Amino acid sequence: MQNDKAYRGIWVVAEQTADGLSGVSFELLTKARQLKEQGGISEPVTAVILGENLAGCQAKLAEAGAEAVIIVDHPELRLFQNDIYAAILKTLVELKKPEIVLMGATAAGSDLAPTLGARLKTGVSAHCVDLRLNDDGNLVAVVPAFGGKVLGDILCPERRPQMATIRPGILGKAACYLNVECSVEQFDPSAIIAEDQGRVKAIGITREEQKGVPLEEADVVVVGGFGLMSKENWQLIETLALMLGGAVGCTRPPLDEGWAKEYQMIGTSGKSVRPKVYIGVGISGATHHVCGMKDAGLVISINKDEKAPIFEVSDIGVTADATAILPLLIEVMQRYDDNVVC
């Protein structure tokens, strides 16, 4: 067992994207401040940011709760490079010895966290839906288990640092901290970069073009599950969402079947949404999906299984075959549109 008394404080590895700092970085800083208060931790909550042209990051990170910022600014870090990022963070962790390291479960974070954990010989709890400290001060990572039917607690009591990743949006809206004193430290990675060029080098980023309203911004989200049974029936979901001016979401099975796109998945392995209206069609209601839509406003669910867990979190439940209901619903919507006179 490591001497855990040598490890103190909470770090958040913030992420820079083409659009600026990622939202999950701010969400994690808010959670880190909550954990600090819960555990009576005296060390400052520290944000670590790697990238290029990072001037101005300090103020934004401080507003989200950072009390200290470590900036690693270098042209070679403009794009995410897993090996190099891991080498730099390993050096920093061994030097500073944080007790807890948190990352967003983004594409980059999900790649970086296990690499860093392996190099530090510690465990990583991935795709968590919540975090807390137990009476011993150990990090308790809450994750869906057994196909999302239950939530399990994961602890790493004998290794340090304790590491966890959380999907964007799962923790809720980030808090805003005013007049926070925030120290800044610049770390020069030049020697590490020169020594460890990495086995894979990123040369650019290509974004997949998304159709319609972005899922996270939509007021109405129509979500399909495996109960739709076919690609042809999946097109009914797309038609209904279009008629309602909403976005299309999915659970894991439609994605695996090739009916839906990666960016449409909702849950702990996908996105978290907070629409005014959520319409779930052919969805059982596994925990890992519900965690991604639990903050929705009006929840309407259609499922032929009257005992489906999704009904437990629904405001309106319809026990019926979704493939029979959808064409009727679309027909009614079409008649309504035809009768509207502008």
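Note: Cβ is positioned from N, Cα and C throughout, glycine not excepted.
The domain 'Electron transfer flavoprotein alpha/beta-subunit N-terminal' annotation in TrEMBL covers 10-202. The annotation FAD binding site is assigned in TrEMBL to THR251, ARG252, GLY282, ILE283, SER284, GLY285, ALA286, THR287, HIS288, HIS289, ASN303.
Feature map: TrEMBL annotations on the structure.
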{"residue": "THR251", "record": "FAD binding site", "CB count, 10 Å": "29"}
{"residue": "GLY282", "record": "FAD binding site", "CB count, 10 Å": "29"}
{"residue": "SER284", "record": "FAD binding site", "CB count, 10 Å": "23"}
{"residue": "ALA286", "record": "FAD binding site", "CB count, 10 Å": "21"}
{"residue": "HIS288", "record": "FAD binding site", "CB count, 10 Å": "23"}
{"residue": "ASN303", "record": "FAD binding site", "CB count, 10 Å": "25"}
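For the recorded site, HIS288 (FAD binding site), the DSSP three-state label reads helix.
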